[in-house]
Amino acid sequence: MKLTCVLIITVLFLTACQLTTAVTYSRGEHKHRALMSTGTNYRLPKTCRSSGRYCRSPYDCCRRYCRRITDACV
């Protein structure tokens, strides 16, 4: 019983040590990407579509207007 408790505490301690030391930086970036903050916004720059191009929503078009009849940017 005591040996089991000691083993469990040891495993928990080693896991906690690894998590706290995993936030080391290498050239300004995290070594472990899984531990990076997910609160920041990592979006690729979106290009808008010119008039006459196919669109599904107004946000696809540069002028923010998508004609629903023809599904084309205006």
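Just so you know, glycine gets a Cβ as well, placed from its N, Cα and C.
Copied from Swiss-Prot, the annotated features are:
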- 1-22: signal peptide (SIGNAL)
- Cys48-Cys62: disulfide bond (DISULFID)
- Cys55-Cys66: disulfide bond (DISULFID)
- Cys61-Cys73: disulfide bond (DISULFID)
For this session: Determine, from DSSP, whether Cys66 (disulfide bond) sits in helix, strand or coil.
Result: strand
For this session: Select the closest residue to Cys48 (disulfide bond) from the following disulfide-bonded residues, measuring between CA atoms: Cys55, Cys61, Cys66, Cys73.
Result: Cys61
Problem set entry | Residue, out of the disulfide-bonded residues Cys48, Cys62, Cys66, whose Cβ gathers the largest set of other Cβ atoms within 10 Å | Cys66
Problem set entry | Rounded distance in angstrom between the Cα atoms of Cys66 (disulfide bond) and Cys73 (disulfide bond) | 5
Exercise. Three-state secondary structure of Cys73 (disulfide bond) from DSSP?
Worked result: strand
Exercise. What three-state secondary structure does DSSP assign to Cys48 (disulfide bond)?
Worked result: coil
Exercise. Where Cys61 (disulfide bond) and Cys55 (disulfide bond) are concerned, what is their Cα separation in Å, rounded?
Worked result: 7
